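Single-structure report; data block below.
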Amino acid sequence: MFNIHSVEIDWGGRPLKLETGKVARQADGAVVATYGETVVLATVVAAKAPREGVDFLPLTVDYQEKAYAAGRIPGGYFKREGRPTEKETLVSRLIDRPIRPLFADGWRNETQVIVTVLSHDMENDPDVLAMVAASAALTLSGVPFKGPIGAARVGFINDEYVLNPVLDEMAETQLELVVAGTADAVLMVESEAKELSEEIMLGAVMFGHRHFQPVIDAIIDLAEKAAKEPRELTVVDDSEIEKEMLGLVEQELRAAYAIPVKQDRYAAVGKVKEKAIAHFFPEGQEPKYDKLRIAGVFKELEAKIVRWNILDTGKRIDGRDSKTVRNILAQVGVLPRTHGSALFTRGETQAMVVTTLGTGEDEQYVDSLSGTYKETFLLHYNFPPYSVGETGRLGGTKRREIGHGKLAWRAIHPVLPPHHEFPYTIRVVSEITESNGSSSMASVCGASLALMDAGVPLKRPTAGIAMGLILEGERFAVLSDILGDEDHLGDMDFKVAGTEAGITSLQMDIKIAGITEEIMKVALGQAKDGRIHILGEMSKALDRARAELGEHAPRIETFKIPTDKIREVIGTGGKVIREIVEKTGAKVNIEDDGTVKVASSDGESIKAAIKWIKSIASDPEVGEIYEGTVVKVMEFGAFVNFFGAKDGLVHISQLAAGRVQKTSDVVKEGDKVKVKLLGFDDRGKTRLSMKVVDQTTGEDLEAKQKAEAKAEGEAPAQAAGE
């Protein structure tokens, strides 16, 4: 029934198995990949005919995690998986980025890659395995894919690189880096680091590249056994069209790409394109070519003109040389009622970034295969259509926005204070108000400034820069702070963020083979120079966190109570804590270990809530004076509520200094009184006194009264002696 083929290797001390021919046999390519006890299924299906009217690769990649993989049932009313989680979206992009450049030019068939997590062993993260499985499925499918690729995760623990660290080891690592590529080239890097040097980061990339070579060999072995016949792809030769078009519009196109202002440049390029279209489609004549084909040739010519200009003259589209960063203006405190805000402008890219501080109630609960956890740092990136001068539909968050937000999150996360030192939930929102390249890195710079403006004590300010590359044969140019056009028309998009001490995040997408270690080394060094320059410009606005939190931010006080007192503070059905919150106006959060966080923008509310909670959770001390309320009057004395929920008896003899005939002569129910704790009787009942406390000032009179009594006792004795 089944025609099963498989390969198995030892990889990083664990078995990796790739199998095909048993599951999903109607897909063009299907591979079940197993690493440890984590299992994923990758499938590839491509349409039989090209999609009409498109000049791009119609590829979609979907990664999905099933709750059953971890022996769990999904939450929610419907008890089934819903829309993609952030993790699923990010891993979908992680798979997409290294495989997309490897499809043959001209492939226009609708292609879908679906990777499903079937089993998760709580040790091996499925994301890298998903990349390997997708690569294997594509290699078997017969679609024109110039792979396979391999992938690996690299950690850095105790000054040593670690291949595919298990989940428990991730808490110790100074680096989490995922790298993917072919046998001879790195194509993609995604990472977060704790201020590591350029040398360590580059070493990690090359370490990962070396160690996923056995995976590539295993995929090739499997393909030799089970790959389908390659699909035919007819490549159209457009060289004659390009030659004719070059002679027609080269000079005008070069002039258009010398215009520094983006909107003016686009208008000029549009006119040149209209001229080219008119030439190839003269009125009244039967067209020889498809319009989409001519538009594609023009697009290729645009790329070549920009690349030639840079390599031949050293001048870029906006007139800069390869190392110059665009003009920067950083401002903080730009919004009056927010907790922290910044406006970061770099050339024609601008980000309005806002920080909001919240309490434990604002933490995000994240449901993942490895369990539910609370996230206290959120960074959201929004890219509205007006930022590029276009109209568009506003709807749900797009994959690109999620990916760019996570990149900025990774850049900032390593420099945040530990949560136990700064117990706030932090949300940063970056609104891209203008965009012409590296808006994600503008978000990093703006986020750093907005956080410091809010009073968040970052280890160091953080900045980011996007690098590009033009490579033609032996000639290359590394570009600092790339424009949008340089991103689209170049060979590499290389984003580096960090502090003056080191790198916190590195993301790399390479579109061609042949990027050597030496080129990456040059790019990292140039990126460091650019990052230090940007940090200097940012410091003109703010160079460290403000000493005080923003005026409108909540204040949080943290203290501990005994765990056996938590129930008393919360009360039956939450009655006591609700009363504390309602009457003081403060937010109260109590954790299982007895940590109490009290938050309010009003300092008096915090003091009142803390006093109330401590009065419940603490034990009263003998000899201390407390304020209380008379709750019951009896013949033999009065019961006073004096320490949270605690009551004690003021005996009639302790009500006042003189003889008291009736308790009600001195106090009545509801009276506010000051009492001193005398101690406890044999039955543990609390003994209080009012007569030894000045009811106006709260002064302890016991010592004074004893001294007076002693003096009165000595006077009669002296008189008797005389």
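Using the three backbone atoms N, Cα and C, a Cβ is placed for every residue, glycine included.
Now, the feature entries from Swiss-Prot:
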BINDING   D487, D493  Mg(2+) binding site
COMPBIAS  701-713  compositional bias 'Basic and acidic residues'
DOMAIN    554-613  domain 'KH'
DOMAIN    623-691  domain 'S1 motif'
REGION    697-722  region 'Disordered'
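Note on the domain 'S1 motif' (623-691): mean pLDDT across this stretch is 85. Take the binding-site residues D487, D493: by the count of other Cβ atoms within 10 Å of each Cβ, the lowest one is D487. According to its DSSP assignment, D487 (Mg(2+) binding site) is helical. Remark: secondary structure over the domain 'KH' (554-613) totals 32 helix, 16 strand, 12 coil, with classes taken from DSSP. Broken down by DSSP into helix, strand and coil, the compositional bias 'Basic and acidic residues' (701-713) contains 12 helix, 0 strand, 1 coil.
For the recorded site, D493 (Mg(2+) binding site), the DSSP three-state label reads strand.
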